[in-house]
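Participant: Handing you this structure, nothing more for now.
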Amino acid sequence: MNKYKIAEKFISINGEARKAGELSVFIRLVGCNLRCNYCDTLWACDNSAPGGMMTEDEIYDYIKKSGVKNVTITGGEPMLADNIKALLLRLSSDKDLSIEVETNGAVSLTEYYKEMPANISFTVDYKCPGSGMEKAMVPENFANIRNNDTVKFVVSDKNDLDKMCEIIETNNLTEKCMVYVSAVFGRIKPDEIVNYMIEHKMNDVRLQLQIHKYIWDPDKKGV
Ligand SMILES: C[S@@+](CC[C@H](N)C(=O)[O-])C[C@H]1O[C@@H](n2cnc3c(N)ncnc32)[C@H](O)[C@@H]1O
Ligand SMILES: Nc1nc2[nH]cc(C(=O)O)c2c(=O)[nH]1
Ligand code: SF4
Ligand SMILES: [Mg+2]
């Protein structure tokens, strides 16, 4: 049986993306190939970060015992975990579960877009220039995105907002999938994003603030 290194697991409201505001079971995997300069979860990015090993069955049992149907697979970068495909297939074979995978845009999703069932939704970050990681983006992830997936831009400043517009347009994103814009927490005021959206007539783009950081201390783990 495959094992996965889990940095933390918890139940909370999802603070981000499609299921924001709904309960979700969080599974945070250890390790990441990027180091975004704003990352709020750097502690889980190093492969040597502490974590407990769990099998697919143990992860599935934890989810089912919670009674919560939404699952958020995150990290670190979950799509780099060994045997991640087996874990995603195992969880998605239960059609009562709705699984969201938070991924950084720097790992090719081409085969997953083809093979993953509809109850798995990818939230794919486009790492804007302000993150320092834009060079790592895999263009096919945005060109080939499916309609039950989301592209998310986490912006630091006006330059990032301009880049977001360019990427939305060149990939026709608002016609293909959900599009979210989020603030790098504490780095840009949300009203600046709204004013930009009004000025640029940004229909079909949704502002999303990290709800959990308004409910709890923004540095608190496990919420
Ligand atoms: C911690 S990452 C883990 C998943 C994956 N590595 C990724 O980057 O999408 C989960 C989400 O948190 C966002 N995030 C991380 N630090 C943030 C911050 N300081 N402010 C706002 N969003 C942040 C990321 O952009 C990503 O959308
Ligand atoms: N409440 C809560 N919602 C979240 N949605 C995505 C998260 C993440 O870290 O990927 C996250 C998180 O860390 N906490
Ligand atoms: S890709 Fe995600 S987990 Fe990795 S450094 Fe960036 S925000 Fe953090
Ligand atoms: Mg988080």
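Placement of Cβ uses the backbone N, Cα and C atoms for every residue, glycine included.
TrEMBL does not curate its annotations; it predicts them automatically.
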Participant: According to TrEMBL, I13, N14, G15, R28 bind substrate; which one of T55, T74 is listed for that same site?
Facilitator: T74
Participant: For the S-adenosyl-L-methionine site that TrEMBL assigns to Y38, C39, D40, which of the candidates G21, G67, G76 is also assigned?
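Facilitator: So the S-adenosyl-L-methionine site in TrEMBL includes Y38, C39, D40 plus, from the candidates G21, G67, G76, G76.
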Participant: Based on DSSP, name the secondary structure state of T41 (Mg(2+) binding site): helix, strand or coil.
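Facilitator: The residue in question, T41 (Mg(2+) binding site), is coil (DSSP, three-state).
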Participant: If you compare CA-to-CA distances from G76 (S-adenosyl-L-methionine binding site) to each of the binding-site residues C32, C36, T41, which comes out shortest?
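Facilitator: Closest by Cα distance to G76 (S-adenosyl-L-methionine binding site) among the binding-site residues C32, C36, T41: C32.
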Participant: What is the Cβ neighbour count of T41 (Mg(2+) binding site) at a 10 Å cut-off, with all protein chains included?
Facilitator: 17
Participant: Relative to the mean position of the Cβ atoms of I13, N14, G15, R28, T74, the recorded substrate site, which additional same-chain residues have Cβ within 8 Å?
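Facilitator: Neighbours found: S12, E16, S24, F26, T72, H212.
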